[in-house]
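See structure below.
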Amino acid sequence: MLSSQSYVNISFFQPASFLMIGIPGLEAIHGWISIPFSCMYTVALTGNCLILLAVRRTPSLHQPMYYFLSMLALTDVGLTLSTMPTTLAVLWFDHRLIAFNACLVQMFFLHSFSVVESSVLLAMSFDRFVAISNPLRYAAVLTNNVVIRIGLAVVAHATLSLFPLPFLLKRLNFCPNKILLSHSFCFHPDIMRRACADITINICYGLFVVVSTGGIDSLLIILSYTLILCTVLGLASPRERIRALNTCVSHILAVFVFFIPGITMSMIHRFGRHLPHIVHALVAYVYLMVPPVLNPIIYSVKSKPIREAMLRVLRGKGQG
């Protein structure tokens, strides 16, 4: 007769691996779909690496605004590399298996980079607020040490917020017949719904992370731009108002590009379970792939110093 301990060990199940999917219903043309995906990954990595090199090699860009832009670019590189290996493996080679622990590691980095990006966008809004509301003290307020501390705080915040997630998932008992994920990468809501156990703690903690990171960040960004707008409206010259607002356009577009797909995906995962699987997949790809692709384009088009510095990098020239 089995002991109670043996029974517990037998009844507790964690899959050795999960099975990922690409775009549901379009498996027959994954090879063709991989072409735009590969192009987007290439643009994202190339564009963001160009920004990093441009800021590093151009002394005139060694300012807080461009340091924060470098943080955004580095985060986008990390976010791209978090999903690229498994997504291209599924689309190119139909390699769909991912080990359980590897899945948790990917999930941690994927969500961590998302939280970091949200916080960096908040830091950039603070940078714009200081630059517009108190330009004479801008350099004194946002010193290099302050920028470094903000960067370290952003990374620490993301790490501490997401660190419990893998352990909350490892304690769950999973269903042997529910190992098929909804994406070509590991996403926390997707993994926890494969469990045959009470996931209330996971749902509550996941909601806490969303509210305490993206939720608070988005509210503080709105507050920053409300204060910026009040400051701009107080300027006497219409030309000064337009010039001040023009310095914010790139950041506002980056905020929209990141938060609109993010909010849409969160709502779909919580309230849109009845929607076709292809909708879930496409929204997730937009959220994870579009911001890293568009951010370098936005800043290269709207910011002349960045555009010129990137062109110098491409020509193999530095700034004298």
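Backbone N, Cα and C atoms are what each Cβ position is placed from, and that goes for glycine too.
Copied over from TrEMBL:
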- 47-299: domain 'G-protein coupled receptors family 1 profile' (DOMAIN)
- 7-26: transmembrane segment (TRANSMEM)
- 32-55: transmembrane segment (TRANSMEM)
- 67-92: transmembrane segment (TRANSMEM)
- 98-126: transmembrane segment (TRANSMEM)
- 146-169: transmembrane segment (TRANSMEM)
- 218-236: transmembrane segment (TRANSMEM)
- 248-272: transmembrane segment (TRANSMEM)
- 278-301: transmembrane segment (TRANSMEM)
Stretch in 7-26, 67-92, 218-236 most in contact with the transmembrane segment (278-301), if contact is a CB pair under 8 A: 67-92
As a test: from 7-26, 32-55, 67-92, 218-236, pick the stretch that has the greatest number of Cβ pairs under 8 Å with the transmembrane segment (248-272). 218-236
Would you mind listing the long-range same-chain contacts of the transmembrane segment (146-169), meaning Cβ under 8 Å and 6+ residues beyond its ends? 64, 67-68, 71, 104-105, 107-108, 111-113, 115-116, 119-120, 123, 188, 191-192, 195, 201-202, 205-206, 209, 212-213
Average the pLDDT scores across the domain 'G-protein coupled receptors family 1 profile' (47-299) and report the rounded value. 92
Under a Cβ pair cut-off of under 8 Å, which of the recorded stretches 7-26, 67-92, 98-126, 218-236 contacts the transmembrane segment (32-55) most often? 67-92
Looking only at residues six or more beyond either end of the transmembrane segment (218-236), which have a C-beta under 8 A from one in the stretch? 118, 121-122, 125-126, 128-129, 132-133, 244-245, 248, 252, 255, 259
